[in-house]
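Accompanying notes for the structure given below.
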Amino acid sequence: MVSRPSSDRSGATAVDGPLRPSDHLDKTGERGAADDGSPAQPVLGVVGWLRWGWRQLTSMRTALVLLLLLAIAAIPGSLVPQRSADPNGVTQWRATNPDLYPTFETLQLFDVYSSVWFSAIYILLFISLIGCVLPRTKHHWKALRARPPRTPARLSRLDDHVESRVAVPEGEDAAGHAAHAVDLAEAQLRSARYRVERYDRNGVASVSAERGYLRETGNLIFHGALVGVLLSVGIGGGFTYTGQTVITEGDGFVNSLGLGYTSFNPGRFVDTEALTPYSITLDRFDVTYAPPPSGQAGDFAAHVTTRFPGQKAEDQVIEVNHPITMAGDRVYLMGNGYAPTITVRNGAGDVVFSESVPFLPQSPTMTSSGVVKIPDTGGEQLGLVGFFYPTVATLQSGALTSAYGDLVDPRLTFFVYEGDLGIDNGDARSVYALDTDGMTEIAGRNADTPSLELSPGQTVQLPGGRGSVTFEDETKNGAPESVKRYVSLSIHNDSSAPWVLAFAILAMVGLFTALFVPRRRMWVKATPGGDAVTLEYAGLARGEDPAIAIAVADLAQRHGRALDDEPASAPGVPANVN
Amino acid sequence: MSFDDISVLLLWTAIAIYTLGFLAFTVDLARRSELAIKAQDAKARTLVAAGGGGQTIDEIHAEEAAAKVALEAAPSKRGRYLFARLGVVLTTIGFLFHVGADVTRGIAAGRVPWSNNYEFALTGTMLVVMVFLTVLVKYDLRFLGAFINGLIVILLGGAALAYYVEVVPLSDPLKSVWLVIHVFVASLASAFFALAFALSIVQLLQSRRERIALAAVGSDAAPRTRLPFLRTLPSAEVLESLAYRFAIIGFVLWTFTLIAGAIWANDAWGRYWGFDTKEVWTFVIWVVYAGYIHARATRGWRGTRSAWLSIVGFTAVLFNFTIVNQFFQGLHSYSGLPS
Ligand code: HEM
């Protein structure tokens with residue numbers, strides 16, 4: 001509205017208004033005036049500067065600027081792949097932008113949310129927050145005990161003001177009737193959950209009422225709970241661990257660092273020796289495929305048997321969105337694939353390898369790739385690079401592909417290499433990759449023998465009498481399908497998560513009250529004048545309060561009606577004039 | 001004819017009716033402009049002799065007070081703008097078709113109709129209209145009708161053309177009660193943000209006009225306003241506090257969305273927060289609106305600057321829904337669109 005005087009100015013005393021940062025608009029006194037660049041300040045000492053800096057940091061304006069900076073600073077992390085969420089994306093990005101990579105790396109653009117600049121913003125913001133909330137809490141604590149403020153001398157100057165005159169009933173004096181009317185108003189306001197205080201003087205009776213302290217309480221709870229969320233996340237990170245494992249049908253996993261995990265990331269304070277050694281065995285993995293052309297896979301369900309040491313086994317199902325809980329760990333189903341069982345014999349006919357090997361899916365139709373490494377053959381070391389097609393089909397180029405994710409016509413192909421696997425020197429090597437430097441291809445595109453191609457139950461000979469490779473048909477061993485499936489599980493322990501949730505809900509509740517509980521002051525004043533009493537009702541909103549005018553009108557109406565209904569001449573109502 | 005075909009048919013019917021609603025509301029604004037200009041001309045004529053074209057401050061205040069009363073008048077006591085009433089009727093009919101389109105899509109899919117971009121748009125815009133029509137009972141916001149209908153026609157038409165996908169079964173991560181709750185509440189929050197956004201824009205126009213009108217107080221020339229209908233609308237301050245009221249409802253719902261999303265992420269992916277692109281944007285939007293609420297309480301930021309934050313906030317909501325869903329890499333690849 002054009003040049004409307006702020007309603008805050010009128011009447012209200014500063015004493016018990018919520019203490020807010022110096023530039024906060026809702027303040028009542030002009031405490032902040034000195035901050036707004038008052039010119040002739042004395043020379044500041046170190047303490048003075050510190051105090052000035054602190055006041056700046058905890059000001060509303062700084063909070064706002066830091067909030068906006070936080071929003072802006074969060075954006076790059078959605079544009080550039082982040083190491084924490086998408087490490088492969090970072091590798092790819094590096095390959096496509098080799099020139100920019102070092103600059104981005106220096107700017108920590110691949111680790112935005114743990115970068116120095118992002119951290120600086122949110123840490124400053126939270127320091128500002130704490131510096132803001134603590135004094136306000138203290139002040140609010142006092143305000144909760146303070147009396148509602150004195151009735152302003154001229155209520156008519158308030159925006160929301162209603163006035164009426166009532167005649168003094170027969171046989172009563174005006175002052176007595178005024179006091180009685182205010183008694184009634186006091187009772188009404190009290191039952192409407194206002195805190196009330198009488199200010200009667202010189203025959204003029206008035207009641208001052210205030211409600212909605214909950215608004216400031218909610219605001220403080222909200223901001224405090226944000227600190228709670230941050231602390232829970234920060235401290236909780238040290239006690240969190242996550243690990244991954246892969247289990248093939250029929251196999252099991254033991255929750256122990258040496259035994260079960262393919263990878264494990266403990267927080268700083270995790271005692272890795274103290275893991276509960278429960279076990280999980282994968283009995284069966286279910287999945288359904290929509291008919292072609294969509295072929296979409298769904299209804300993933302890992303049927304497992306779980307067991308704590310010395311206790312009875314239990315059957316459970318792990319599904320997407322439905323992790324199971326083991327000793328405080330949550331066990332998630334993250335992925336699945338095929339693990340063809342492969343048996344390799346050497347030239348002498350001895351079995352040198354027989355395992356179900358997990359193959360990594362490469363496409364929605366489950367074309368999968370995997371590697372077999374055989375260090376001990378009795379002769380040269382062997383390495384097999386394989387592709388698996390659950391439903392084999394031939395592309396126009398002649399290359400094989402999978403047409404469908406389910407096992408309709410499974411096929412396994414291998415390139416075979418001979419030589420040094422490079423695993424003797426102790427380097428950690430991925431089980432999913434074969435380093436073919438220093439190896440000779442003996443079957444495949446660059447060899448005299450074409451790549452091996454097998455269906456379940458089939459055996460093919462390796463060239464040069466080196467032995468044979470068998471793709472086992474698992475139905476022969478009583479399995480329901482010719483090829484076993486595997487699942488990858490993710491195991492998480494985050495004991496801070498419940499705290500984070502609790503603080504988040506607390507913040508939400510605080511926010512709700514802070515935004516929707518109206519905080520207002522009301523006054524009812526009765527001024528005797530001859531044979532009539534002038535009644536004045538006025539209200540003052542403290543903060544956002546769209547309904548204040550209605551509230552004042554309501555009060556006037558209800559009070560007027562009550563006065564009419566209950567003639568003051570009724571006996572037993574002592575005139576209460578202090 | 002399958003339920004999905006019926007849904008598409010109903011949808012295009014709704015778009016056509018909303019277009020008519022848009023036209024009706026636009027005519028309404030034009031007529032209000034005409035009235036405002038006439039009033040001004042009449043006044044200018046009487047004042048030529050007296051020698052003054054600008055309004056007096058009292059006249060400005062009277063105009064504002066009248067507009068505020070009109071804003072809060074009960075439906076039966078409102079200005080009888082013919083075309084505004086026609087606009088409301090058309091919007092309501094369009095809305096009924098829109099609901100029909102949404103429900104039949106849900107029946108066709110056998111689940112809630114908000115699990116890919118096309119359906120988010122269908123349901124989200126429906127909620128915008130629902131909130132708008134509901135709010136009309138309390139406040140006379142018919143002056144927003146042209147804006148809201150225009151926005152809906154663009155979003156809905158755009159979605160029907162660019163985002164339409166056949167019904168396909170849900171992927172496993174989406175099979176969760178949180179799909180029902182989290183996504184719905186996010187859409188509802190967006191609807192409130194949309195209304196706040198519309199009001200903030202009108203607020204900016206209005207405060208510009210007010211500045212000009214104030215400058216013209218006491219001067220000879222009548223102020224020239226490009227959009228004279230603004231004179232029949234509430235003052236910038238009233239518009240601002242109305243925008244704020246919708247924005248804070250949206251903000252509480254968005255806070256809930258954020259928390260519900262984290263709970264869902266914890267079930268589906270084993271962590272409640274991982275700065276996935278969609279999570280980042282949900283967070284950014286939340287922080288922008290927190291900034292907006294702060295701005296309203298910060299000296300020097302109330303008014304025009306905070307209105308810009310509300311506009312930026314809703315722009316981010318739209319950006320999150322369109323560009324981020326479609327083009328940004330992340331776990332939340334639920335647009336249903338080929339990448
Ligand atoms: C993490 C940073 C922060 C966030 C997300 C945040 C968010 C919010 C939100 C959502 C509100 C509205 C709800 C309410 O009234 O309680 C609010 C209000 C408020 N905040 Fe913050 N805040 C933050 C930091 C701060 C800081 C650092 C200060 C102090 C300088 C501050 C001072 C206030 C004040 C005084 C209000 C009341 C505004 C009013 O009366 O309308 N906040 N904040």
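The backbone N, Cα and C atoms fix where each Cβ goes, and this holds for glycine too.
Taken from TrEMBL as is:
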type     : residues  : note
TRANSMEM : B:6-30    : transmembrane segment
TRANSMEM : B:82-100  : transmembrane segment
TRANSMEM : B:120-137 : transmembrane segment
DOMAIN   : B:125-332 : domain 'Cytochrome c assembly protein'
TRANSMEM : B:144-165 : transmembrane segment
TRANSMEM : B:177-202 : transmembrane segment
TRANSMEM : B:242-265 : transmembrane segment
TRANSMEM : B:280-295 : transmembrane segment
TRANSMEM : B:307-328 : transmembrane segment
Any contact, the transmembrane segment (B:6-30) to the transmembrane segment (B:307-328), with at least 3 Cβ pairs under 8 A: no
The transmembrane segment (B:177-202) versus listed stretches B:82-100, B:144-165, B:280-295, B:307-328: most Cβ pairs under 8 Å: B:307-328
Close approaches to the transmembrane segment (B:307-328) from elsewhere in its chain (Cβ under 8 angstroms; 6 or more beyond its ends): 117, 120-121, 124, 190, 193-194, 196-197, 200-201, 203-204, 207, 240, 243, 247, 277-278, 281-282, 284-285, 288-289, 291-292, 295, 334-335, 337, 339
Folded-back contacts onto the transmembrane segment (B:144-165), same chain, C-beta under 8 angstroms, at least six residues removed: 8, 11-12, 14-15, 18-19, 21-22, 24-26, 28-29, 84, 87-88, 91, 94, 98, 116-118, 121-122, 124-125, 128-129, 132, 194-195, 198-199, 201-202, 335-337
